[in-house]
Amino acid sequence: MTINASNIENSFSKINSHFSKLTDYIWPIKRNEISKFLFITLLMFCILFIQNLIRALKDSIVTTMIGAETISFLKFWGVMPSAFLITVMYVKLVNRMKAENIFYLIISIFLIFFALFAYVIFPNHEILHLRPVTVHNLTTSLPNLKWFILLLSKWSFSLFYIIAELWPNVVFALLFWQFVNNITTVEESKRFYPLFGLLSQTGIYLAGHFLENLSKINYYITDKFALQSSFHTLSIQIILTIVLILGIVSIKTFWLLNHKVLDKKHMSLLRFKTKNKSITIAKSFQMILSSRHIRLIATLLICYGIAINLVEGPWKAAATKIYKTPTEYAAFIGSYLSYTGVFTIFFVLLGSNIVRRIGWFTSAVITPSIVFITGILFFAFNNFEGFAGLIIANFILTDPALVAITIGAIQNVLSKSSKYTLFDSTKEMAYVPLEPEIKISGKAAADVIGTKLGKSGSAFLQSLIFIILPSSSYQSISICLMIIFILTCLTWIWATKELNKEYKNSIKFSQK
């Protein structure tokens, strides 16, 4: 039997070819792109780790120390005006400062506030807030305004919630993605964007695991250094100290990207200014209204915000019945975040292949489909809690209220994990083929205002009900919320289909 050398060579060639394809399938990053990719991933990791810590902390403070119903008031009456103000400031800064300096300025403002809250404001909140007797007298005499009175009486908690709510959309959605979109081509975005989350989204799991063990960390530090501060004050200081450290790391990483990693071609893109240096916020909104592409992206963000907020309100209200202190609630949120991190990694691996192999639309429509299906399950159980509780009690020896919280948690885990990967990636890909002027001003308004309009629109409806009917609860208005939820999800799916057409047309136009 003779061995043909050419056949052996062909066999090895085929093996190498298949191995190369497998490697590209799993890790599509080219060798000369590794440093750029990893530094962006590190920056994303730090920003998202901070985002998850302050998100859990703001909910823990407000829901347990003011009341879950106040969240809807804060989102509309506090977060919404702040989002508009930030948009005005950003558009003006774009025409006056380098993109790099804008990043440093805004990040520094956030970090300074978090430091003040941790070490000055919260330890002295009893002195800074109105006395409980005064608050009680005011709420008794003005029952329809009781939630506004509570928010103003505990102004520092309300302010922290507003600032923490702005972080995801100002720092992550606007500053981070604006930077990445300017240094990434359409071809790179198809390989980079889905995989950014593979390493950076582990921050969700680690943040959750950290919060789950917050009590143990608290006890260890108290015993080690013989501290006399209150348990909850120390917990908040621990969380915000980690936030400050990661904030400094993110600033340093951003500096390295600008001065050590990116080449001159990328740096010239970052110094981009709009052709009209005196562009106003009115012109920015006019640009959005005249661009169907941007309008559809804003519609996706609005629908996501409304849909998630309609489910989160009743879920958080139910959770406070079991988890009554900020530390307990933070541990609960930590557990939820840990599962979100695991599922996020799964969706990252799935999403990377879907975007590259199947296309933009399939990836983009998965998130609204998941939100719709799981949301319907939650509302179905919530609206028929008594009947469902009897059935579950016969098969599962547990508290029906805990089952309701678990179903809501599953809904949030699946919705958020798909949002962080598939939704965010496809949304950012939709910006890439647009002209630079629309990318900057259009993205600023669409991301910040579009996101907050979604959350605040739903929040306004809920707060209005609580003002008109002070005795109403999330349980009593659940069916009404479910109907709005269904209509919102159907609109979301329609907008995704239409944006797919615009995205394809924009790519064809940009390649001419």
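Cβ coordinates are placed from backbone N, Cα and C, and glycine is handled just like the others.
If you look up Swiss-Prot, you'll see 34-54, 71-91, 102-122, 157-177, 192-212, 231-251, 296-316, 330-350, 361-381, 390-410, 448-468, 476-496 marked as transmembrane segment, on the strength of sequence analysis.
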For the transmembrane segment (157-177), could you work out the same-chain residues 6 or more beyond its ends whose Cβ comes under 8 Å from its Cβ atoms?
43-44, 47-48, 50-51, 54-55, 57-58, 61-62, 65-66, 70-71, 74-75, 78-79, 82-83, 86, 90, 102-103, 106-107, 110, 113-114, 117, 121, 125, 151, 428, 431, 443-444, 447-448, 451-452
Counting Cβ pairs under 8 Å to the transmembrane segment (448-468), which of 71-91, 102-122, 231-251, 330-350, 476-496 comes out on top?
71-91
Long-range neighbours of the transmembrane segment (476-496), counting only residues six or more past its ends (CB under 8 A):
296, 299-300, 303-304, 306-307, 310-311, 313-314, 361, 364-365, 368-369, 371-372, 375-376, 379, 382-383, 458, 461-462, 465
Non-local residues, at least 6 beyond the ends, that sit with Cβ under 8 Å of the transmembrane segment (361-381):
194, 303-304, 307-308, 310-311, 315, 351, 354-355, 388, 403-404, 407-408, 410-411, 414-415, 418-419, 422-423, 425-427, 478-479, 481-482, 485-486, 489-490, 492-493, 496-497, 499-500
State the residues, same chain only, that lie 6 or more residues beyond the ends of the transmembrane segment (231-251) and have a CB under 8 A from a CB inside it; answer 'none' if no residue qualifies.
42-43, 46-47, 49-50, 53-54, 56-57, 61, 104, 107-108, 110-111, 114-115, 117-119, 122-123, 210-211, 214-215, 217-218, 221-222, 325-327, 330
